[in-house]
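To keep things clear, I will list the structure first and then write my remarks on it.
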Amino acid sequence: MTTASLRLALVGAPNTGKTSLFNSLTGSRQKVANYPGVTVERKSGGFVTPEGRSVTVLDLPGTYSLRGRSPDEEITRDIVLGRFDGEAVPDLMLCVADATNLRLTLRLVLELKRVGRPMMLVLNMIDIAKRRGVTIDLDRMSQELGLPIVTSVAVRKGGVDELLKRTDEFLAKSHEAAASEWTTPTIADLKAAQREADRIIAAVVTLPTKPDTLTNRIDSVVLHPVWGLVILAVILFVMFQAVFTWAQPAMELLSDGFAALGQLIHDLLPASWGLLQSFLQNGLISGVGSVIVFLPQIIIIFLFILLLEDFGYMARAAFLMDRIMGGAGLHGRAFIPLLSSFACAIPGIMATRVIDNRRDRLTTILIAPLMTCSARIPVYTLIISAFVPATTLWGFVNLQGLVMFGLYAAGITSALTVSAIAKFFLWRDHAPAPFMLELPDYKMPRLKSIAIGVFTRAKMFLYRAGTTILSMMVLIWFLASFPQAPAGAEGPAINYSFAAMIGHALEPLLRPIGFNWQIAVALIPGMAAREVAVAALGTVYSIEGGKEAADAIGQVLAQKWTLATALSLLVWYIFAPQCASTLAVIRRETGGAKWMVVTFLYMLALAYVASFLTFNLAQALGLH
Ligand SMILES: Nc1nc2c(ncn2[C@@H]2O[C@H](COP(=O)(O)OP(=O)(O)OP(=O)(O)O)[C@@H](O)[C@H]2O)c(=O)[nH]1
Ligand SMILES: [Mg+2]
C-alpha cells in the first residue's frame, strides 16, 4: 500500500515569488518574471522533504483576495476552498508574502485564516528586505497572526532550507482543520481586514531610515509621459535592429553548414539512390534546415524580452501604454497578454485570464493573434533578406531592421484598430474598468533565470522544427515528388506532382493577391505552424530547381518573385490566421467554437483584402 502524498498549496498575492519557490522546491522550470500575473494556471509538482515525506505541491495564480474576480483568481479560490473538480483540499497552505511589501498579503492572510485550513506564512524575498534595512519582529508577528512564520529566498541556493525544515515539523504534528468561516467578503470586510493588517504591520515592521529610492529615481524617468514613451520606442527599435545585425554572422554560419551538409550527402550517396538523396537534401536539409537557421534571431528576441521582464520594466510599459490602449477600447491589463503574444499567441491568450471582465477579455483574445509571434520571424526574415537590401541609413539604421520594425508596428496598429472597431460595434455601452497594476520594484535580472528562459525557448523552437515541421516536410516532400514525371517529360518533374495539382487548383483564388502555385502549396501546411511555410518553399523550390538546389532559398525567391508578390506575402502574414493551435486555444478559453470562427474569418478577410491592396498598389507603382 502506498501512502498518498501530502498536499501543499502556494497561495499569495501576485509577484511574491510563488513560482520561484515552486521551481526551487520541485526543480521545475515554470515561468517566473518580475510582473504580477505571470502564473494563470494551476501547476503541480512533487518533492521529498528532508525527513522523507513525499509531498505534492501546487503553484497557483497570485491573488489579492479569494473573491475570484477573474478566471485565474477563481482557480486559486476553488483550490483553497476545495471546490476544484478532482482536487482534494490542500493539507497545508503556504501563504507566500513579499517581505518588502506586506500590506496586501497580510490582508489576504487574514482572509485565508477564515478558511480554517492549516497554514504557514512564508516571508519570501527576505534578502531584499534585509538589504534595504527592513526589520520584522517575527515572533510578535507570529503571535499576532496565530500562524507559524518562516523566511525564504526562493531564488538562492539553500534559500528554502528553513522552509523545508519547518514544513517537516509542521507535518509531523496532526492539525485539525477548523470549521470554515469564509464567506465572500464585502467591501466593508476587506476594509476591516486592511485596517487589522496595517495595525499588525505598524507593530512588527521597522522601516529603514533611508528608504529605497532607486525604483523611484528610475521611474521618474521611464514613467515620464513623454520621455517614457520615447524610451519605450527606442528599446523596441534597438531590439529589432539587434535581431538583424547581431544574428547575421550566426545565421550565415548555420546556413553555410546546412548547404555543406546537403552537398556532402549529394556527393556521398550513389546516383541510383536518387530518391533518398532528394529526401535528405530537399526535404530535410532545404526544408527543416531553412527553419533552424533562424535560431539566432529567436534567441536574441527572447533575450531582450526576458531581460526586460526580469528587470521589472514590462509593468511600466503597460502603464505607459494604458492611455493609448484605453483609446482603442482595451483594458490596461490587456497589455501583458498582448506582449506575451510576441512570443506566441497561445500563452498570450492564456494570460488574458487576469482580465476580470468577459468583454474586455474577449476583445483581447480576438486581437492577440495579430501581434507578431516568433513563428513569423522566419517568414519575415526570409522575405526581407531576399528583397530588402542591407543598406545602412543615416549611418546607424539597418534598413532590413527598419522594415521588420514596420511589420511589428503594423501588427500592433491593426490590433488596436480591430479592438476599437469591435468595441464600437459589439459593446459600445460597456464602460472601461479602471486599471490597477502593482508596479514591482526593479530587480537586477538574474543570469541563471534568463539563461534558463532563453534555453527553454530555443529548445521549444528546435522541438517544433524536429516534430511539427519535420512531419509536414515529409508530407510536402512526398507531395512534391510523386507522382514522378513520365519518361521524356519536359520541364521540372515537380510539375507532374500532387503538390503542383493542389497548388494549381488553389492558384486562381490566390492570383489576385499575387501568389503563385508554390506559395499556395506552402500556405496550407503553414497552418500547422507558420514557419512551415518557409520550409515548404525551401523544399518545393529546391525540388523544382534540380541542380541549383544548393542555392539558398532567399536567392531563389529573389529571382522567382516580383517585389509586389513579396510585399503581398509579408502583408498576408501580418493578418492571416495561419495557426491551428491558436484557434484551438481560443476555442478552449472562450468555451465554444463561436469566437474561434469569428477570429478565423475576420483575420482571413483582413489578410486577403490587405494583400490584394498591397499587391495591386505595388504593381501599379511598377515594383518588380
Ligand atoms: N531577490 C529575490 N528575488 C526573488 C525572490 N523570489 C522571487 N524573486 C523574483 O521575484 C519575481 C517574481 O517571482 P515569481 O516567482 O514569478 O512570482 P509569483 O508569485 O509566481 O508571481 P505570479 O505568478 O504573477 O503571481 C521574479 O523576478 C523572481 O526572480 C527572492 O527570494 N529574492
Ligand atoms: Mg507565478
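Cβ atoms are placed via backbone N, Cα and C, with glycine included.
Taken from TrEMBL as is:
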type	residues	note
DOMAIN	5-173	domain 'FeoB-type G'
TRANSMEM	226-246	transmembrane segment
TRANSMEM	258-276	transmembrane segment
TRANSMEM	283-308	transmembrane segment
TRANSMEM	334-356	transmembrane segment
TRANSMEM	377-397	transmembrane segment
TRANSMEM	403-426	transmembrane segment
TRANSMEM	461-480	transmembrane segment
TRANSMEM	563-586	transmembrane segment
TRANSMEM	598-618	transmembrane segment
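As a whole-number mean, the pLDDT of the domain 'FeoB-type G' (5-173) in this prediction is 89. Taking Cβ pairs closer than 8 Å, the transmembrane segment (334-356) reaches residues 35-37, 40-41, 61, 69-73, 301-302, 305, 314-315, 317-318, 321-322, 325, 363-365, 367-369, 371-375, 415, 433, 457, 579, 581-582, 585-586, 589 in its own chain, all 6 or more past its ends. Among 258-276, 283-308, 377-397, 403-426, 461-480, 377-397 has the largest number of CB pairs under 8 A with the transmembrane segment (563-586). Contact check: the transmembrane segment (226-246) against the transmembrane segment (461-480) gives fewer than three Cβ pairs closer than 8 Å, residues 6 or more apart, which falls short of the contact criterion.
A Cβ distance under 8 Å defines the sequence-distant neighbours of the transmembrane segment (461-480), meaning residues of its chain 6+ beyond its ends; these are 278-279, 282-284, 287-288, 291-292, 294-295, 298, 374, 494, 497-500, 502, 521, 525, 528-529, 531-532, 535-536, 539-540, 543-544.
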